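Engineer: First the structure, which I've put down as structure tokens, then a few questions once you've had a look.
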């Protein structure tokens, strides 16, 4: 892609998200979401592959449906209350519609079916943008309007997402689909604690972005898109393989890695709020996710791929991508647990 075109598209992505962040008016927020959607579509379809075009079409239809629902709900609220302000959601029907539309935008269960299919059709870097940056604007709107939304709806969406994300990833062999189900499960963790402690939602979002970036960038460095490929990267780059395994375990939430921090804080908050059954279901759903991460780690580190070479040191190609983002994201994805108190203090 032409670098000037790429620069315009990435600037538009940033502009759309910033516009939504800064807005308190539903029309402006809707406009930001639309700019965001229109900016990523050329990035998704840049490789003229039938799967990429199919994924782009599905994504466009889903996002357009969600945007139309947001506009309709915002108009309904303005009609009832007489103003477009986000903080004045006086109509419960409009608030519920907006929550469902935003859940469709970020792929919360039961509106999650598009996410694995779309991510499977994209290359890893565009998939990374879709899994991280594209979640920011809708999540900002959810956080702003959370007080007007029915708590039962938020809890139901959160529980369904963690369970769907866990169950869905169990039988997958494609890494991008596994990361999509992982994203759905993490979104569930963020949504369920939103009504009790919004700062924990922000901490969970921050750690999710760094862990997912580390996972996508390590898989991009290893050129791996299927579990079979993972079994063959050990001879070529042992260090990268070890780091990838640790990043996946961090995504699963194992201590002493960063991924344990948000899960621990959220479960602690749920127990504090007197919701032991919900906390138990969330913890068991996290075990489902952990199983498929362990499966990937097993394929990577404990299986030996068929090897016909007789030499001890196989030929290694030089990495073509920049290693700074990879190093930064993996460091944060693995080592933030000891500074949990400092992060909590900054967030509150």
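Backbone N, Cα and C atoms are what each Cβ position is placed from, and that goes for glycine too.
All TrEMBL annotations are machine predictions without curation.
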Engineer: What range among 26-47, 92-113 does TrEMBL describe as transmembrane segment?
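Structural biologist: Transmembrane segment, as annotated by TrEMBL, spans 92-113.
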Engineer: Among 202-219, 220-237, find the range that TrEMBL records as transmembrane segment.
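Structural biologist: Here TrEMBL associates transmembrane segment with the stretch 202-219.
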Engineer: Counting Cβ pairs closer than 8 Å, which of 152-171, 178-196, 240-261, 273-294 has the most of them with the transmembrane segment (202-219)?
Structural biologist: 240-261
Engineer: Relative to the transmembrane segment (59-80), which of 92-113, 152-171, 240-261, 273-294, 326-347 accounts for the most Cβ pairs at distances under 8 Å?
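Structural biologist: Counting Cβ pairs under 8 Å, the winner is 92-113.
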Engineer: Count the Cβ pairs between the transmembrane segment (178-196) and the transmembrane segment (92-113) that lie under 8 angstroms and are 6 or more residues apart in sequence, then report whether there are at least 3.
Structural biologist: yes
Engineer: Do we see three or more Cβ pairs under 8 Å linking the transmembrane segment (326-347) and the transmembrane segment (92-113), pairs being at least 6 apart in sequence?
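Structural biologist: No, the stretches stay apart by this measure.
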Engineer: Could you please provide the mean pLDDT value for the domain 'NADH dehydrogenase subunit 2 C-terminal' (290-344)?
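Structural biologist: A mean pLDDT of 80 is what the model gives the domain 'NADH dehydrogenase subunit 2 C-terminal' (290-344).
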